[in-house]
Amino acid sequence: MEGGYQDTRWEGYVDWRNKPALRGKHGGMLAASFALAVEVLENLAYLANASNLVLYLSKYMHLSPSKSANNVTNFMGTAFLLALLGGFLSDAFFTTYHIYLISALIEFLGLIILTIQAWTPSLKPPTCDPSTTPSMPCQEIDGGKAAMLFIGLYLVALGVGGIKGSLPTHGAEQFDENTPQGRKQRSTFFNYFVFCLSFGALIAVTFVVWVEDNKGWEWGFAISTIAILVSIPIFFFGSGFYRNKIPSGSPLTTICKVLVAAMLKGCMSRNSSNAIANLSASPSFEPETNKEPEENAKQTDEIPTQSLKFLNRAVVYKPAHPALQCTVNQVEDVKIVLKILPIFACTIALNCCLAQLSTFSVEQAASMDTKLGSLKIPPASLPVFPVVFIMILAPVYDHLIIPFARRVTNTEMGITHLQRIGIGLFLSIISMAVAALVEIKRKRVATDSGLLDSTAPLPITFFWIALQYLFLGSADLFTLAGLLEFFFTEAPSSMRSLATSLSWTSLAMGYYLSSVIVSIVNNVTGNSGHSPWLSGYTINRYHLDRFYWLMCVLSTLNFLHYLFWAMRYKYRSAGAGASK
């Protein structure tokens, strides 16, 4: 009976009551579906405010355009960077189940504060109209009112970070990675996670943004508050189906211990007759014998691999301190983390392209004919294009492209994680080239119409901008879903949440890098005796086409850099390249 009970347990997992998780009862697609439903509401609550926040800060909080833009960038970047904190806590101290619930409550509290402030005139700066009283500038929010605003915003950012760092991992952990069926279902989960993320974004940038612009920001904040509040019981209703991975201690501690031990023992090796080469060359390596054989067996069960051999020093010599004692498994785990970092770095350029298109493309569309019949489309609604493309491509990819690829390649995955990321990076090159060609056409129309210095709409439809969004949305789907699955499957089990959070960190760093590139381009081109590429009275005077060609070249170089690392990468996860 005891043996049969052991066979029904998910080793290393517990249910929400901290009792052993059981096969057939916990985990599976039903459990993961709760995470998918919650992601729709969570991203709706976040993007409903982030996508239109610059208008709220400038129009109602009376911050200058530059301050408003910087605050929005800082808010979004901080939210995505805090995903690392959420992932770290999920791996080290809490389960992803608890981190989601705690983070959702924090975001709910932040939205409550923002809603109260938007609803109460006394908590906002006095209303004013600078067009009627140009000599009296509007009073910028300050003091306790400003404190309330930023406390609310950064509580939301903290909650969003915790959710992004825990929810994808929580859903992916519901599948059995030791079976082909479980791995295929996990791949489907990541694909539909991006679909649900886009579905929430679609509602946010259409319905909620319309409410904010036409009914008032207090109603927009209220919708976001209700959305995140509703997501909590929905997530909680799935508690009986979840299997939650037991935290195994701080992954950062392991990483730091191995790196420090390798460096210290590297210094010791210079004065020792032993050498790390002896370890790699000898198949009969034995761990130090100053301890009991049983304890040695626990510390290492195999010889360290030859990749990143400098880390093998951590298990060769007696440590300077017992706290620096490392096992072979710990060394190999750190090697895996270091190997995936170049892949992470190569995706930052794609997110830099995403940031550029979400700013300059809106300005381009604003200068074009935005009418759709009798309906005038606001340029700020342009993010609808990539969102809709992602929602169309996600099921097509999962139900048509992948089954076809599996038949052609006769492999379990059909398209590997790195191939999927590479396709996304290649599509980002095309999107930049298309953006440059569309801008050339737009400026030609402006020149031929004599409207270079005019703010009047150009006689060209804004649907031309949709072409670059087609490729951009496709690139985002391939790369983000591939990156989430790659980090989850390749990272050591004790570091999965932290590693998966790197996907969001890449997004944050891409947005930060975009600001740096724009500043560098303007400084370099402005110092050559000509006007900077990205400045002028109107966007018609910008050299935006040159900037897009520059981004195309940088994306191409980044893609080649990615191929260098991807072609040398060896998968550790089961099924990544195995035959069916």
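Including glycine, each Cβ sits where the backbone N, Cα and C put it.
Since we're looking at a predicted model, the values are computed, not measured.
The transmembrane segment annotation in TrEMBL covers 27-48 (among others).
The transmembrane segment annotation in TrEMBL covers 68-90 (among others).
Listed by sequence, the residues of this chain that lie at least six past the ends of the transmembrane segment (97-119) yet keep a Cβ under 8 A from its Cβ atoms are 16, 38, 42, 45-46, 49, 56, 60, 86, 89-90, 145, 148-149, 151-163, 165-167, 170, 216-218, 220-222, 224-225, 228-229, 231-232, 235-236, 239, 242, 244. What TrEMBL records for 97-119 (among others) is transmembrane segment.
If you look up TrEMBL, you'll see 146-167 (among others) marked as transmembrane segment.
Annotated transmembrane segment per TrEMBL: 188-211 (among others), in sequence order.
Outside the transmembrane segment (217-238) by six or more residues, the chain places 30-31, 33-35, 37-38, 41-42, 44-46, 48-49, 52, 56, 60, 100-101, 104-105, 107-108, 111-112, 114-115, 118-119, 159, 208-209, 211 with a CB less than 8 A from a CB of the stretch. What TrEMBL records for 217-238 (among others) is transmembrane segment.
If you look up TrEMBL, you'll see 280-302 marked as region 'Disordered'.
Annotation comment: TrEMBL describes 288-301 as compositional bias 'Basic and acidic residues'.
Under the heading transmembrane segment, TrEMBL lists 340-360 (among others).
The transmembrane segment annotation in TrEMBL covers 380-400 (among others). Sequence-distant contacts of the transmembrane segment (380-400) (same chain, six or more residues past either end, CB-CB distance under 8 Å): 51-52, 55, 188, 191-192, 194-195, 198-199, 201-202, 205-206, 209, 358, 361-362, 365, 462, 465-466, 469-470, 472-474, 476-477, 481.
What TrEMBL lists as transmembrane segment is 421-440 (among others).
Taken from TrEMBL, the feature transmembrane segment covers 460-488 (among others).
The transmembrane segment feature in TrEMBL is assigned to 509-526 (among others). Outside the transmembrane segment (509-526) by six or more residues, the chain places 73, 76-77, 80, 347-356, 359, 532-535, 543, 547, 550-551 with a CB less than 8 A from a CB of the stretch.
Among residues of the same chain six or more beyond the transmembrane segment (546-565), those with a C-beta under 8 A of the stretch's C-beta atoms are 342-343, 346, 349-350, 352-353, 356, 360, 421-422, 425-426, 428-429, 432-433, 435-436, 439, 517, 521, 533-534. Here TrEMBL flags 546-565 (among others) as transmembrane segment.
Below 8 A, the CB atoms of the transmembrane segment (340-360) and the transmembrane segment (460-488) form 3+ pairs separated by six or more positions in the chain.
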